[in-house]
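Accompanying notes for the structure given below.
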Amino acid sequence: MAQNDDGTNGTILSNKSASNSMDFASLTSENESLLNVLVGCAMMALSSLCLAANLLVVKTIIMDKNLRRQNSYKFMLALCLVDCSQSVAHFITGFFTIDKSNFDQLLSKALGVIATPSYVFYAIITIVLAIHRLTVISSSVYLEELLFSPIGLWFLLPALVSLCFALALSSPWAAISYWPDQFSWAYDDSRPLSKWVQNVEEIIELGGIPLAGLIYAAIFFTIFYKRINGLVLRQTGTVAEVKVLIQAFVITIYCTVLNYFWHNSEWLLPNTKMAKCALNFMWIANAAVNPIIYFAVNAAIRQQIFAVFGSSPNLAQRNLNTNLAMGRNGIRLQNNFINSNS
């Protein structure tokens, strides 16, 4: 089209182009806002489900004194409690995602102080749990009672390491925060100790979870060796062995994949918001791994849940009675991380 001498047509085209650009920018902004709402709501929904599942397991263990006094269920309780704390932090970041802001810097920093030390505790307690299972299968009752006594020294190491992370991240020199524009967490590199804290976390998580895998390999070798040689296991036979295998495989593999992708995402995954979002959802869903396995293969937990939801008082009492520990001359129920009554 020929331009008029007075330039009127050129002005009209310029105005139309500017208007189209504004409409496209507005549409893009609306799409991003809708995406933030969807992602934020999904984060809150998944976090709520994980929190509810873990609280159900926690309530079941606390209300049953026979479960509460067994080492295996103490581990279960510790894992569920740190999963609860992480789920609460992830739920709040769902609001951050919807609003596309962190609301308050102190709140954002506080969530980092909760979420990261909780996962560090989770990684370390997984190793301690693996050592406990190896002790149960391969050694005497005396050694298990010595290493995992009611005093709770097994709980002290992961608690102290987690506390150190919490203190470091609550200081002015290090911080990890949720970034709504990236749907992910990241350390604040402007603070002098952030990189150091991140490196220590990476060593613990990348080195710790495979270490637990090696211990589980020793467990399975012990089981295989004793079975082919006709030796007696302190576990309760084939059913218990399969349950240990399921629990070990799922926890170790899931956590290993999550940790390796999380700490090496820059060369394993594309540098996109959706890739980071997927990793964040993997972290949130990590809190559901233990409850799902407990519900699937643990008869004691299932019995208590059925007793809470609709079973008669007499049935609930019978279910409670089935969890009584057996004598030392028989199979010791307290040595089974997963109850064999399926």
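In case you wondered, yes, glycine gets a Cβ from its N, Cα and C as well.
Feature list (source: TrEMBL):
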| type | residues | note |
| --- | --- | --- |
| TRANSMEM | 34-57 | transmembrane segment |
| TRANSMEM | 77-98 | transmembrane segment |
| TRANSMEM | 110-131 | transmembrane segment |
| TRANSMEM | 151-175 | transmembrane segment |
| TRANSMEM | 203-224 | transmembrane segment |
| TRANSMEM | 244-262 | transmembrane segment |
| TRANSMEM | 282-301 | transmembrane segment |
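For the transmembrane segment (34-57), the list of distant contacts is 76-77, 80-81, 83-84, 87-88, 90-91, 93-98, 100, 180, 183, 277, 280-281, 284-285, 287-288, 290-292, 294-295, 301, 305, 308: same-chain residues at least six beyond its ends, Cβ to Cβ under 8 Å. In this chain, the transmembrane segment (244-262) lies out of contact with the transmembrane segment (77-98); the count of Cβ pairs under 8 Å, excluding pairs fewer than 6 apart in sequence, is fewer than 3.
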